[in-house]
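Okay, so here's the structure we're looking at.
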């Protein structure tokens, strides 16, 4: 920020200081922290003593700035409550218009309309309205326009009615708008001032006339002055032009949509539309659309008669919009067509021919394939109004063109998931228009469309959930009428229960359910949301969902398990009802064979099924009936029941047995870490704490030489960014060692405990194994399945301590020679490294955080996404960037997972030969997926890194 205080326009030095601090912050988080500190400082300043008016104004301006620049959600609700009394006081006792304006503005921006302190403004508002000062009166009227409430009406209504006839036009305009705002709480106010408002329609000030038109549009038809108001507004209509861009012309068109266009003025409206076709460069789109909306108020026979009298067609005057390549013109064309009944122009009425030519019809039909969702939906709506059979034929054509597959054979050319998601949204748009308010027909259409889309995916058992279809269906059902929602949910759940009754025998293992994954997710969500409304028995629904549980994918299993648990709560509430016997058995079978996430979900379901009292308490606390709300309630309940003593506790024989059994099922070795208390204990306590380790820790590792760059003196490329990274690395490695590290007898760098040193060594060797391609035969780098060969470790340490230098063999890049005896490592182990002496593949969290904050934000500098692969797989891809660029010196460095900042994320830094840096944060998702975020100092290698992440 190069602006000086003198030229900044800041109110004070304090105001300038906080603006400068925010503008020069290196990250959004740093700016928010500065704002939060400033709020605290202002609070203390106002609470210390009664501030002067000038100081109070300064503090309020600073708080207004903070409220406008802070990220949404950063400041908790009520953060500015402490300043409301000062703002009210400033609005009351302010000596100048500027001081009072800041008090009013602060209350208008930050105080809710129903706040209890609003009552304290009533007396201030009335005094300003009666003050006779135009400035103070305008301030009070502006506040009433924006934040009127029913408590203010009795105190100010008489004054407002008088101010409509005030000498100053600025006061007249604001008084009319304030009267309209107050009429929301007292409808008779408009009728009391309607006579004066009609006079103001022809006020000599255009701004006053515009405000009078806005108030006239809100007049009820029962008002005695409504007819005269309608006559005056129609008279004003004859004075506007299609090329006029004044606020008065647009407001007249809007007002006529409320009071109505008289039949005698329809020819004039047609003349204005015809002038738009003659002068395509000067027409105003808003005015043209407003004219067509006025025509929609009249019946087709009257419009046809008026067009014949004028020897023109209003729709034909829009041809220039159809010939345009601008999507905005296409939108305007379709919007105007939707305002006119198809009988006028589509040839659906006997004796009336089609107005459009063949090429125009073809162009309109081409909008069905538009990339713009609004244009496509408007085209579908237009065709549905002409003839719903057109949409039915179009839907049949799309479904018949999809590739088909049998139960055992994939289609010749299966469609990819992204294309199917886009197609699903288009198909459901058609079904919505064809079924209107018939929920059962909509459910039938959903079932048929999803069945065809599942066939187009490929072999059964490998079908994916179409996220776009799930969102489209659930949102449409939620936004529909109550009868539609219940009918749709009942029909879909009936399909599932009837399939259970028609099926014979138990469901074979590894056989996909009779319904596709997308249909099952939708049915599970509707079953949870409308469990108390549908006529389908919860017990029958649970049986049907259990039948589909075994052969479904993990994402479908999760939705089914949540739905089963929610329906079980309703079964327990029924008199004499009990959960079907096969439910727990099916869930237990799924748990034994599922991955980690589904195994945890199954355990959660079984726990609540055995404790119906706790399950009912969760259901009673729901704020809504949706499936996500139920999942959130379960997580909150789990959090409440989990304490630190549950997570970190002394081991008992039963605990050890259960832990061993769990590890034997998941294939995990007996590797454990000290408790958090033991790691953070002082040197005098660390010895005692170590005796409480669940498993024996590794022996202290011995130092190993850096083998990535030999002692022959190979120099790294130099660049400002790279020098900065290395400088930070040296400064962090030269930090004085802590007492804890001295007591731990660390021999791997300074200031590190045994645990940290072991993690550093494992990370370095694991990264080498990734770069050498030795992990191809392993499972994905999963924290549930890894092992460390103690014999291999001993040999590796012996080789390193002897100082033997490895020589690269054929086919191995010299820069990747570390050790061929690398242990199996986990995602967490890869990221558990910190900076160390000679640890060229490691970077401390402090280094990473500093570089991350220095890298730019924005579309070019910051990107994020999701990829279908574990953190370990992504680490291999990133390491492969260096292997694939022998002509460049690219390094991949990692930072700890379990050390702030970004706890739980693997932090990777890719440094190119030209010094450009790409920083990546990887976070493990569900079922071997990964969430990533990338920042770079320019394009550089960001494109190559992003390609490895996709």
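Here the Cβ of each residue, glycine as well, is placed from N, Cα and C on the backbone.
In TrEMBL, annotation is done automatically, which means it is predicted and not curated.
For the ranges 545-592, 593-640, 641-688, the feature annotated in TrEMBL as region 'Disordered' maps to 641-688.
Annotated by TrEMBL as region 'Disordered', the relevant range among 424-470, 471-517, 706-752 is 706-752.
Which of 783-815, 816-848, 849-881, 882-914 counts as region 'Disordered' depends on TrEMBL, and there it is 783-815. Computed over the domain 'Clathrin/coatomer adaptor adaptin-like N-terminal' (79-384), the whole-number mean pLDDT of the model equals 89.
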